[in-house]
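The feature transmembrane segment is assigned by Swiss-Prot to 10-30, with sequence analysis given as support. Taken from Swiss-Prot, the feature region 'Involved in apical transport and lipid raft association' applies to 11-33. The annotation region 'Hypervariable stalk region' is assigned in Swiss-Prot to 36-88. Residues or ranges marked as N-linked glycosylation site by Swiss-Prot on the basis of sequence analysis: ASN61, ASN70, ASN86, ASN146, ASN200, ASN234, ASN313, ASN402. Feature annotation from Swiss-Prot assigns region 'Head of neuraminidase' to 91-469. Positions annotated as disulfide bond by Swiss-Prot, on the basis of sequence analysis: CYS92-CYS417, CYS124-CYS129, CYS183-CYS230, CYS232-CYS237, CYS278-CYS291, CYS280-CYS289, CYS318-CYS337, CYS421-CYS447. Per Swiss-Prot, the feature active site, proton donor/acceptor maps to ASP151; the stated evidence is sequence analysis.
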Amino acid sequence: MNPNQKIITIGSVSLTIATICFLMQIAILVTTVTLHFKQYECDYPANNQAMPCEPIIIERNITEIVYLTNTTIEKEVCPKLVEYRNWSKPQCKITGFAPFSKDNSIRLSAGGDIWVTREPYVSCDPGKCYQFALGQGTTLDNKHSNDTIHDRTPHRTLLMNELGVPFHLGTRQVCIAWSSSSCHDGKAWLHVCVTGYDKNATASFIYDGRLVDSIGSWSQNILRTQESECVCINGTCTVVMTDGSASGRADTKILFIEEGKIVHTSPLSGSAQHVEECSCYPRYPGVRCICRDNWKGSNRPVVDINVKDYSINSSYVCSGLVGDTPRNNDRSSSSYCQNPNNEKGTHGVKGWAFDDGNDVWMGRTISEDSRSGYETFKVIGGWSTPNSKLQINRQVIVDSDNRSGYSGIFSVEGKSCINRCFYVELIRGREQETRVWWTSNSIVVFCGTSGTYGTGSWPDGADINIMPI
């Protein structure tokens, strides 16, 4: 090959390489521009309906990094379409309950600024669980904590933190309340907050951080609600509220709420004689609640709520191993599904249970007379067979030498089923522990498991002798 041919060959190869590089740069530029403007090609609702843009429910700030030679491309992911929760999955099959969370609020109060609370509960949005409680407007190591045994003051507020985070000074005060309920409909939080005079209280309905509706006392005798989570199905939330005597006939209503607005109110119907402090859970297509009869029965009332036609039915848990405190011993206690058992029915404590086919899972204090200890178990036939007493899978949550308190249910939606969880309020201070002047609580939380589990006891654990007075 002569010198001229070599020059021509080298020039041709160089030109070819230059052309290929030029085309690659054009391809990279086109790819970059295409990915950059891809965010405008998301599928939005056809009727020009605005998409909510709140950080709780919209994931707009996720980036994917793609490397092409030396070019970095950022692609914004389209926002997820937010939908109402419908709770249509089946209930998880469980063998018992496993430990989930404990906040140790009282122990931490010995050396830190922790709120004085009572009436705690837990509820979850689609991505995270939160703990709630009614604060007393003071921390424990504060003279304002004196005499906080009282339930209803204008200083009480609903507190909200991520589950497992004690109520420290930076805790959000959601609303003014001495009785409350909260739930997430899939788009935003609903809070039902009761406060005011005993004879003329107000319930405020706060949705997505805004006050949307309210209702005043209808029987002028301590309007009150669940002290645990409400339930929302396809955008309709239900909450059970009672106004009237705590030891006689009262007026219970079930309110149906859509995005904070009361759309319907149904009176209690069925055979339940007295209903307070219901622990409710989704039982698609409706809602089921296990409540407290503070008048006639130590067996717990059941309230079934039809979300579609607003109809209500009520009865009692069939299990002869009853769930309230005080109660008869297990040999002499009874329940026949339809009526209160008239066994130590006066007084009581908030509690929970849930159906599992014909059986029932339930929790209760170990003591028959006081809020001490806590146990869970399953009663075979306890949902369908009158006075059934065959107990299996018993677990001790708090040993009988330690105090407990209120307890309630909350539901968590998994990939294939809905799990049931519960919390136990661990009360400390007055009236029983008179060395101190305050009354407050911590909580322990368990969730259903299909696996195996061991044994233990999870009391509050604070040494009252080293606590602030």
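Using N, Cα and C of the backbone, Cβ positions are placed for all residues, glycine too.
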Worksheet item: Roughly how many angstrom lie between the C-alpha atoms of ASN313 (N-linked glycosylation site) and the residue listed as 'active site, proton donor/acceptor'?
Response: 30
Discussion item. Out of CYS92, CYS291, which of these disulfide-bonded residues shows the lowest number of other CB atoms within 10 Å of its CB?
Written reply: CYS92
Practice prompt. Out of ASN86, CYS230, CYS280, CYS447, give those recorded positions positioned within 10 angstroms of CYS291 (disulfide bond), comparing C-alpha atoms, in sequence order.
Written response: CYS280
Practice prompt. Take the C-alpha atoms of CYS92 (disulfide bond) and CYS447 (disulfide bond) and report the distance between them in angstrom, rounded.
Written response: 11
Worksheet item: Can you check what DSSP calls CYS417 (disulfide bond), collapsed to helix, strand or coil?
Response: coil
Worksheet item: Expressed to the nearest Å, what is the distance separating CYS124 (disulfide bond) and CYS183 (disulfide bond) at their Cα atoms?
Response: 7
Item to complete: Among ASP151, CYS183, CYS318, ASN402, these being the recorded positions, pick the one whose CA is nearest to that of CYS421 (disulfide bond).
Response: CYS183
Fill in: Cα-Cα distance linking CYS289 (disulfide bond) and CYS278 (disulfide bond), given in Å to the nearest integer
6
Worksheet item: At the level of the C-alpha atoms, what whole-angstrom distance separates ASN146 (N-linked glycosylation site) and ASN234 (N-linked glycosylation site)?
Response: 44
Worksheet item: How many Å separate the Cα atoms of CYS129 (disulfide bond) and CYS280 (disulfide bond)?
Response: 16
Discussion item. Name the residue among the glycosylation sites ASN86, ASN200, ASN313, ASN402 whose Cβ has the smallest number of other Cβ atoms within 10 Å.
Written reply: ASN200
Response to the item:
One residue among the disulfide-bonded residues CYS183, CYS237, CYS278, CYS280, CYS337 has the fewest other C-beta atoms within 10 A of its C-beta, namely CYS337
